[in-house]
Amino acid sequence: MKIDHSQPLEYSTGQNNLNIFGFWIFLGAEIMLFATLFTTFFTLEHRTGNGPTGAEIFEITPVLIETILLLTSSFVIGLGIHAMRLGNKKAMITFFSITLLLGLGFLGFEIFEFVHYVHIGAGLQTSAFTASLLTTLGTHGAHVTFGLFWGLSIILQVKKRGLTPETANKSFIFSLYWHFLDVVWIFIFSFIYLKGMM
Amino acid sequence: MKQLFPAKQVMGFVFSLILTAIALAVYFLDVSFTAGLTILIVTAFVQALLQLIVFMHAGETKDKWSIYGNVYFMIFIALITIFGTLFLFSWDM
């Protein structure tokens with residue numbers, strides 16, 4: 001395989017370039033997936049039936065903590081990719097581990113939030129509003145959960161095989177996925193929570 | 001140690017925290033719905049672009065226009081889907 005040493009490892013082969021571009025195409029499809037969920041939510045958010053409205057059930061503190069956790073994790077994985085480009089495997093693994101811990105913290109808060117919603121009578125079947133809310137949040141949360149397992153596998157593989165064009169490529173693609181989840185959260189935070197509490 | 005924290009990414013992080021704080025103004029301050037929504041649209045999209053360029057390294061390689069083209073096209077389709085549906089179902093036009 002032809003290796004271009006003027007490029008960072010993750011871009012060093014033709015295959016790697018195509019893998020990264022292919023993942024961008026996938027992220028394009030993910031944008032569309034979340035767009036349909038947002039569409040449903042915006043259409044149904046006032047159809048609350050006998051259930052509560054957004055303003056009644058949203059709480060700013062846990063939402064803000066979730067936002068800070070995910071925002072920080074997105075920054076930390078960026079540092080991980082930077083360390084990878086410097087060839088510093090140890091720092092990279094440390095940053096990736098911190099990223100996943102922050103992601104786990106985010107997930108913990110989100111699960112707590114879901115239990116709380118069900119507890120106060122805002123479950124999946126309460127109204128069109130709660131159904132579209134929990135489906136949108138849940139799809140994002142499921143992506144984060146999947147990302148935790150994916151990230152863990154990446155860390156183990158980098159530990160075992162070191163930084164090669166293949167492992168660097170996989171790590172970079174995982175970082176794209178993680179940043180994308182943060183972008184989606186920014187929109188959830190702004191247009192579901194803050195707009196709902198305004 | 002210092003080289004592990006590149007200025008560009010630290011600045012990006014600080015900037016995204018500032019944008020989050022600005023967005024929070026719609027909750028803590030008394031703003032009208034239109035003004036609040038305008039603030040949210042600006043802060044959310046600026047923050048998304050920040051992630052795309054600073055953290056996702058979208059503009060670094062030869063295929064940057066394929067990457068940007070793909071992303072902008074999907075955002076365009078996403079907005080058509082969202083606003084097209086709202087036109088029909090919510091705003092009754």
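Using N, Cα and C of the backbone, Cβ positions are placed for all residues, glycine too.
Pulled from TrEMBL:
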- A:21-43: transmembrane segment (TRANSMEM)
- A:21-197: domain 'Heme-copper oxidase subunit III family profile' (DOMAIN)
- A:63-81: transmembrane segment (TRANSMEM)
- A:93-112: transmembrane segment (TRANSMEM)
- A:132-156: transmembrane segment (TRANSMEM)
- A:176-194: transmembrane segment (TRANSMEM)
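Away from its own ends, the transmembrane segment (A:21-43) comes close to residues 132-133, 135-136, 139-140, 173, 176-177, 180, 184, 187, 191-192 of its chain (Cβ-Cβ under 8 Å, at least six residues beyond either end).
Here the transmembrane segment (A:93-112) has Cβ contacts under 8 Å with residues 62, 65-66, 69-70, 72-73, 76-77, 79-80, 83, 137, 141, 144-145, 147-148, 151-152, 154-155, 158-159, 171, 178 of the same chain, all six or more residues outside its ends. Distant neighbours of the transmembrane segment (A:132-156): 33-34, 37-38, 40-41, 43-45, 54, 93, 96-97, 99-100, 103-104, 106-107, 110-111, 113-114, 117, 123-124, 167, 170-171, 174, 177-178, 181, 184-185, 188, 192; these residues of the same chain sit at least 6 beyond its ends, with a Cβ under 8 Å from one of its Cβ atoms. Over the domain 'Heme-copper oxidase subunit III family profile' (A:21-197), the average per-residue pLDDT in this prediction is 96.
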